[in-house]
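> Pasting in a structure now, in structure tokens, and then I'll have a few things to ask.
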Amino acid sequence: MESVALHRRGNLAPSASALATESARPLADRLIKSPKPLMKKQAVKRHHHKHNLRHRYEFLETLGKGTYGKVKKARESSGRLVAIKSIRKDKIKDEQDLLHIRREIEIMSSLNHPHIIAIHEVFENSSKIVIVMEYASRGDLYDYISERPRLNERDARHFFRQIVSALHYCHQNGIVHRDLKLENILLDASGNIKIADFGLSNLYHKGKFLQTFCGSPLYASPEIVNGKPYVGPEVDSWSLGVLLYILVHGTMPFDGQDHKTLVKQISSGAYREPCKPSDACGLIRWLLMVNPIRRATLEDVASHWWVNWGYSTRIGEQEALREGGHPSGDSGRASMADWLRRSSRPLLENGAKVCSFFKQHVPGGGSTGPGLERQHSLKKSRKENDMAQTLQNDPAEDTSSRPGKNSLKLPKGILKKKASPSSGEVQEGPQELRPVSNTPGQPVPAIPLLPRKGILKKSRQRESGYYSSPEPSESGELLDAGDVFVSGDPMEQKSPQASGRLHRKGILKLNGKFSRTALEGTAPSTFGSLDQLASPHPTARASRPSGAVSEDSILSSESFDQLDLPERLPETPLRGCVSVDNLRRLEQPPSEGLKRWWQESLGDSCFSLTDCQEVTAAYRQALGICSKLS
């Protein structure tokens, strides 16, 4: 079988910003409340003293360049290596990019997880924002996989488990990443996963829908490619399924050569079936369900048997064990049964033997309820811009007093809560919610249609994971639905207020190189520091071309204000010890060594979900081992 190379694709350009209401509130007010908060919910503060960063860091090579600046490797006086991202404020051209940058800094500075890139410090002056981040020395996961014909299952599980742990932590705190891909997953010096690039991340709420069509084409979910609203976590689950397929099989699940074929395959869930099935096939099938309601959640993945095979605890139980809890033998057997019941969910559609087995051996396996239907493609419904949309009213800000988008004034300090708009036409009174009928006799409001082509069309060069993701796109100006929280049924929405079209621009990258064409012939606006809320926007200095950045301009000899980041909780250690997998290997003959994946036969799989008898045998063997351990 000819191996299909991994394709590098750029990101879908996010749609026009309708997020001014939702994103203007501090991150602390919008985080999901929990009895044991995993993050400190504090605002970003300012130090009232200046810093000359050239005296604090020794700058080494440049890691990458982007639309807004560059990322450099640097060494502190203590010897610690860091990655420093510089953002030039005169490159920020619209409200949408402003919200992405501000949200990325707020979210990443609040997250504290061993597998997420940490922000150490943030500095700002009148012309630049400088972000000091954790440095991942071994590059990204794309290069790591490309250098190897195929990862063995143990290594694939090791990487995937760390990705799931970080993403599960984000979802527990109400954060959706929305741009998971190999290029945004870095490796540190110890070979551990570090997820980067939260430029497209956002907060999500149950019962409300997001509508930004963003992400990378080969990792985009059916909701994204078809322009349907989504809650958020289901988009990450789909991308996680694509990542698992790549880790296990070494190829992309969908054909990225042709746009029409790619959209059709994603919409129907018709991924390429490997010639050599893996034990993870059931989990891949569950994650790549077209119906988002039936798609595996991060809770399902964290408790799946394949993810936890060879580990003493499930991902969701690590925090409890760290605090002193100890699972009993009965709970271990129940966990094993739960893993198999969850992992076999997609298999129950066609496996009568498995259904009968669970009815006999697993309590509740034959519970009543709606039967599992055969997976099918979602019909191509009316595009989201054919529907009438509504903005969710924010109690902290009245949408009836929101001016038009073109009249918004950009704030001087982009990390500070924005002041209310001071000018623009105001639409008097909220519009009444009106359901939209899909009957042929009733006309649908005339709203610009989503393009039939172009969403996933053009390929982009690959980017560094330190960069934020959205890029310009030929079809970007046609994607008008921004990140809007829509409550209730997405079919019952009202039309948003018509506004001028914003330019779609990347956050820190355009084809991996610094762009000069976007600002030619224009006078870019600049932004002041955080202590200035409103003042006339000065024009850029005429002595420096708008598209040029000198080698020393990242810090030069300027003074910066340091921003006080939220305090972080101690990191949660990941545990590992002798497990069921280790005990099983004691009874097996020594392995003859790893073979090429195309040389292995189907019978080499020790626990394939395609064989019901193997499932039964492995389950009984695992129960026997658990009873001996208890």
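The backbone N, Cα and C atoms fix where each Cβ goes, glycine too.
Annotated N-acetylmethionine per Swiss-Prot: M1, in sequence order. What Swiss-Prot records for 57-307 is domain 'Protein kinase'. Annotation source Swiss-Prot lists ATP binding site at L63, G64, K65, G66, T67, Y68, G69, K70, V71, K85, citing similarity to another entry. The feature active site, proton acceptor is assigned by Swiss-Prot to D179, with similarity to another entry given as support. Residues or ranges marked as phosphothreonine by Swiss-Prot on the basis of similarity to another entry: T212. Here Swiss-Prot flags 361-504, 521-566 as region 'Disordered'. Annotation source Swiss-Prot lists compositional bias 'Low complexity' at 464-476. If you look up Swiss-Prot, you'll see S529, S550, S553, S579 marked as phosphoserine, on the strength of similarity to another entry.
So where do these features actually land, and what's packed around them?
The Cβ of D179 (active site, proton acceptor) has 27 neighbouring Cβ atoms from other residues within 10 Å, across all protein chains displayed. Following the DSSP three-state reduction, the secondary structure of D179 (active site, proton acceptor) is coil.
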> Cα-Cα separation of T67 (ATP binding site) and D179 (active site, proton acceptor), in Å?
18
> Among all chains shown, work out which of the binding-site residues L63, V71 has the most CB atoms within 10 A of its CB.
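The most densely surrounded of these binding-site residues is V71.
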> I need the CA-to-CA distance for K65 (ATP binding site) versus T212 (phosphothreonine), whole Å please.
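T212 (phosphothreonine) has its Cα 25 Å from the Cα of K65 (ATP binding site).
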> Tell me, roughly as an integer, the mean pLDDT over the domain 'Protein kinase' (57-307).
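Summing pLDDT over the domain 'Protein kinase' (57-307) and dividing by its length gives 90.
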> Distance between V71 (ATP binding site) and T212 (phosphothreonine) at the Cα atoms, whole Å?
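Cα-Cα, rounded: 27 Å.
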